[in-house]
Amino acid sequence: MFIPFNSLVAQLSKLKLPISRTKELHAFIIKTHLSQDPFYATKIIRFYALNNDIISAHKVFDKTPHRTIYLWNSLIRGYARAHKFRNAFSLFNDMLHSQIMPDNFTYACLVKASSENFDLHSLRVLHGGVVLSGLRLDFICSSQLVSAYSRLGCIADASKVFSGITEPDLVLWNSMLSGYGGLGELEKGIALFSKMQIMGVRPDEYSMVGLIMTIDDSSVLETGEAIHGFCLKLGVESNDHVTSLLVSMYSRCKCIDSAFIVFGSLVEPDLVTWSALISGISLCGDSVNALDFFREMNMKGGKADASLIANVLTACTQLANVQPGIEIHGYAFRHGYHSEVMVSSALLDMYSKCGFLEFGYQVYETMVFKNIVSYNSIISSLGLHGLASHAFQIFEKALEEGHKPDEATFSALLCACCHAGLVNDGREYFRKMKDHFGILANTEHYIYMVKLLGMEGQLREAYELVQSLQEPIDSGIWGALLSCCDAHRNYELADIVACRLFGNKLENSSYRIMLSNMYASDGRWDLVNKLRVDSEITKLKLPGKSWITIAESRIRSCERRWDRSNCLVTKGNVIIKSVDHPKATVKGLDVWRLEEILDHKFSCPTNLLLQEKKKTLWQHKASKLKLVFGIVLILLQSDNYAACDEILVTASFLNAGRQQLLEKYSCKGFSIMIT
């Protein structure tokens, strides 16, 4: 094989070559005795590293006697790119003991590697090396230091580095803006952007990217729209990165119409933009549309990544419909993403919240790599299904494997204690969280503790816990205590809690309605009228929505305020006159009013449930009504009337056997999701 010299240089000057071509060039360089020339060796090392063959790259390095700074940097960059950070720093130490001194590119590469490895200590050591090497004012090093400190949440350190540069270039300005954007520091980002313009630096698309990232709440939507207008003025709105971030920005602000407009302006949206739109739609609670857009993306040839698959699985979880979740699971498997941690964790969560805990547990068992997020998912799933002791075992296993629990871990554990009524275990985990792991309790932790204590009748201790918190106390904590007062009919404490809630100028009317129902139970109708006379209050509380999916037909329920007198089960017919329900017919059933089914066959007093420390579906008749509809329509399609007596028995059977009921009919070819 002969390669002319001009052709060889042209080949080596390319940005990337396939591994086969790299090996051909390497063989030719060895044959022509050019392999000992650091110029050619550096090029070959870079190509091997880009093809993820870091072993061959290191062999070339070892066989090159004359090592330049470019040769060292190529291999260090290769290890850093492959996330083999220990090897990169080991090579850097070898370099320090050689005759070659690191330059600005060496430090910039390792600074970036430190941030990607979340290694703040190494970052500070490298920063010291930059200063000692006289590179403190170097733009390349400074930009990477600003980006690295920002990524690790050390925005004050990033600002100090930036302030140390007398005349920062555009890249450095953009790095600082991105730093503020990543942490949502809107005011500081706007101030820096204004200063940038005052100093005569013209922003580009990367400047706008940093600024857009600071908009993360609907309260600052007007500022976001102004930034969008500035993008139009600069002419950077067609940039893919800018467009995808604008879609994300409007989605975060729950302004999905504007997100659609921006998305529609693109001729060929890329994966990032599709992901931004689908994630935004899911964030806004429109899971059906999120799945529809995911299907559209695939039909147009788009390929999802692990992050998008995880987001789509979250949409399936919101629907509580396992069928599309199974389809996405198959998609992830076919494209090799099923073993990714974020996908596996999302699958686990989806299966368990759709009522198929066994499938979720199988996903957990087959996970190749588990991190604390994976453990949090399985602990939460087991806790929600009442398997607290099993959740505790998983937690101990995570500790044995060296995983460090976080806030979400203890939220899952306390939630498990709530569902199982394990007060002592809850107290112990709450204590360990602070004393053993140094994690300060947040609002969610206090809500679980208040519910745990209050639902078990220890209202005084729950109230004292709330009183011990610093003002202002989150309304969710007071609301949890109010629900406990409601459960135990403690109207005296409920009055005190209500004063604190309404003193906080509560806008969520659900607590007012809860209190109104409590007053009605106590016969204090004057207070009921006082609370509910204002029609605007009741408008604030949206009625619940639900649906039942049987086979491929989804029956979306109407509001839970059903007029049950219009729902009849007669010997020949099931007539459902609610707005969203079709007429259905079932043969072979006795004449029953649906209300009689609910009140007689399915009744289970709330007080009895509390005494038995059972947390069931049957505290709300709407849940019972949904199940009745599901059963009736299954009978309609299956012609299995003998199952009627088996199904319509007692609440205890239905509560204990809900999972078995779903699996039973799923095996018969019927997909029933009761949510």
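Yeah, the Cβs are placed from backbone N, Cα and C, and that goes for glycine too.
Database features (TrEMBL):
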- 68-102: repeat 'PPR' (REPEAT)
- 169-203: repeat 'PPR' (REPEAT)
- 270-304: repeat 'PPR' (REPEAT)
- 371-405: repeat 'PPR' (REPEAT)
- 406-436: repeat 'PPR' (REPEAT)
Sort out the residues at least 6 away from either end of the repeat 'PPR' (270-304), same chain, that have Cβ-Cβ distances under 8 Å to it, and list them.
240-241, 243-245, 247-248, 250-252, 254, 256, 259-260, 263, 311-312, 314-316, 318-319, 324, 328, 331, 335, 337
Per DSSP, what is the helix/strand/coil residue tally across the repeat 'PPR' (68-102)?
25 helix, 0 strand, 10 coil
What is the number of residues in the repeat 'PPR' (406-436) that are helix, strand and coil, as DSSP sees it?
27 helix, 0 strand, 4 coil
